[in-house]
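Positions annotated as domain 'Glycoside hydrolase family 42 N-terminal' by TrEMBL: 14-387. Positions annotated as substrate binding site by TrEMBL: R111, N149, W319. Annotation comment: TrEMBL describes C115, C155, C157, C160 as Zn(2+) binding site. According to TrEMBL, the active site, proton donor annotation covers E150. The domain 'Beta-galactosidase trimerisation' feature in TrEMBL is assigned to 401-610. What TrEMBL records for 619-676 is domain 'Beta-galactosidase C-terminal'.
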Amino acid sequence: MGKIKLKKFLHGGDYNPDQWTEDVWEKDIEFMKYYNVNAVSMPIFSWAQLQPNEDEFTFEWLDKIINKLYSNGIHVILATPTASQPAWLSKKYPDVLPVDIHGRKRKHGARQNYCPNSPNFKNAVRRIVEEMAKRYKDHPAVIMWHISNEYGPYCYCENCAKAFRQWLKDRYKTLDELNKRWNTAFWGHTFYDWDEIEVPSYLNEEYEYLPGRQKSSFQGLSLDYKRFMSDSLLNLYKMEVEIIKKYMPDVPVTTNLMGPFKPLDYHKWAKHMDIVSWDNYPSIKDAPSSVAFKHDLMRGLKRDQSFILMEQTPSQTNWQWYNSAKRPGMIRLLSYHAIAHGADSVLYFQWRQSVASCEKFHSAMVPHVGHLETRVSKELKKIGDELLLLDEILESTTKSEVALLFDWENWWALEESMGFRNDISYLEHVDAYYRALYKLKTNVDVVDPKEDLTRYKLVVAPLLYLLDEESAKNIENYVKNGGIFITTYLSGLVDENDRVILGGYPGWFRKLCGIWVEEIDALFPDMKNAIILEKPIGMLDGKYECDFICDVIHLEGARALAHYEQDYYSKMPAVVENDYGNGKAIYIGTRPEQRFIEGLVKFYAEKAGVQPILPVPEGVEVTKREKNGNEYVFLLNFNGYDVNIELKDEYYELITQKVLGGKATLASKEVMILRRLKG
Ligand code: GAL
């Protein structure tokens, strides 16, 4: 597995020199040096500039700029340009262009507009990637490979249908098995020939139930198509990696992920990446906890490694509904936020603001005005200077005692299934539980339910609706061996084909949680119920509102912690605790108000022995990274005001290079990186 040979915090961003004349390159280098830029990603979208036709390659301009950069101390994250193919390719080989979910054949244009199962697309990709790998394999500037860009859209063409049928044969071996797993007897869907299987689109099984909310009438098929499409795009990525590794086995390979991006199962993808990298684009309204969640999700893909923040914007984007400027201090704080959660880089989209096209008003490190005497540029310069002080934390890791389970297949199934509530947003419910963990002021891992959970004291799994047997056993063993597990309504209900686990809800979790859920009641948005505690739980006492879903619960060994106030299930258990092996499972059968979730999670975290890294005021985030026996504590003040911090031990603060202990002030939007002093 490759590691980045440059032992420095990567600082720089996406560079598109081919959008500019060479005299501008000179200015670029001068400005890069001023900012202490040491790495740029390119040539991300330059396939057309590198291959004007099928038989010709024009790498000379790229050689020139790479050499120029390198002779000025700037390294290259070398990108394969395969996210946007040249027009001549789409024209000559129409199978390159995808078919969308409406069944419409797309025309050439935009980007990420290709079919992952097109033989001609794959051939062309192989060719350009091989040319690049051969050409740059010995170039000392290259520190990492950036494969394509933000893999994404699905295709529904005939080539995909053929490949899908093969994928299904590999998975199920026989049609009998497929018919059984997909429960095809329902609505007469039984298949007698593999060729009868169609891809699920808006022409058959899929439909837009509400604007932007897709549902399927045939879960087994739809779920497998998502797996297949995620795999198809992954195969395309792997094909590129294989070529590159032939020439440069030791240089790390990555592709820029997008946080909780629904179409791709990043847990599978990460296994084929040397280092995880991702693009972070919060709006100014996003809560720090929601950004923290995304970092923890991305770090959790390879939880014992640091990651790369591949893109963020110095100030505005162009694609959000309202593209606000980042407030003073925020880009610096967000950069440290990424580092606090495990990033080893501060990289931006993009280096120089485009002169035209849709991204011309997207901010960049070099703005349209053409000089760096701007509010934003000054902040970027400060970050660039400060990063030079942080090399000792490179490749430090994040150890967490608590974890939140997150799963893409579950996300797909939960939201596309019909029943109970058809307006479920997995991320919204996950956010409620992540926020509760965030408030513990400790590191949080967001991980796959299949991960080894033994290292955690507390594991939380909101709406873990779909699980295969392996994941269910994994969780059961975790609890049996002494773990504390909190789960909720709509968990444990179906297997990997979205088939109900028969014999009583919550299926996989019935024994573990010591309950039987007889009914799952859905509340209209204007309906509320309440839960009343049997006795105080930590700081919680009395009554709390609840809504969304109310499970009608019978105890089968569990103890009720709270019961419903109203309706035909008033007085019946709403929240329960069950002893299982040496551990405990807690089941929350409804959506309680946030302060209840936070109080309950805090209570069990304390019971499990989870301590805050440092007790800091509200609005201050604290995380910890570790390396070579050293602990680095990060404090970030997201408040609009200064706060006082009490440090019991002595610390060396890396940015101000001062020793701190006792009382200290953390100004608004400020950060401290504290190395605990020993002895
Ligand atoms: C990213 C993409 C970049 C750029 C950026 C704008 O998603 O990878 O190429 O378009 O968005 O915010």
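Glycine is treated like the rest: Cβ placed from N, Cα and C.
In TrEMBL, annotation is done automatically, which means it is predicted and not curated.
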Nearest of the binding-site residues (C115, C155, C157, C160) to N149 (substrate binding site) - Cα to Cα: C115
Filtered recorded positions, from N149, E150, C157, whose Cβ is under 6 Å from an atom of ligand 1: N149, E150
When distances run from the Cα of C157 (Zn(2+) binding site) to each of the recorded positions R111, E150, W319, the nearest one: R111
Mean of pLDDT values spanning the domain 'Beta-galactosidase trimerisation' (401-610): 98
Chain-mates of R111, N149, W319 with C-beta within 8 Å of site centroid, substrate: A83, Q112, E150
Cα-Cα distance linking C160 (Zn(2+) binding site) and R111 (substrate binding site), given in Å to the nearest integer: 19
Other residues, Cβ within 8 Å of C115, C155, C157, C160 Cβ centroid (Zn(2+) site): P98, V99, P116, N117, S118, Y156, E158, N159
Pairwise Cα distance for C155 (Zn(2+) binding site)/W319 (substrate binding site) [Å, integer]: 23
Among C115, E150, C160, which are recorded as recorded positions, the nearest neighbour of W319 (substrate binding site) by Cα: E150
Residue counts (helix, strand, coil, in that order) that DSSP gives for the domain 'Beta-galactosidase C-terminal' (619-676): 0 helix, 42 strand, 16 coil
Collapsed DSSP category at C157 (Zn(2+) binding site): coil
Fewest Cβ neighbours within 10 Å, where candidates are the binding-site residues C115, C155, C157, C160: C157
Same chain, 6+ residues apart, C-beta under 8 Å of the C-beta of E150 (active site, proton donor), given in sequence order: A83, Q112, T255, N256, L257, M258, D279
Which of R111, W319, all binding-site residues, has a Cβ with the fewest other Cβ atoms inside 10 Å: W319
Cβ atoms near N149 (substrate binding site) (within 10 Å, other residues, all chains): 23
N149 (substrate binding site) in three-state DSSP notation: coil
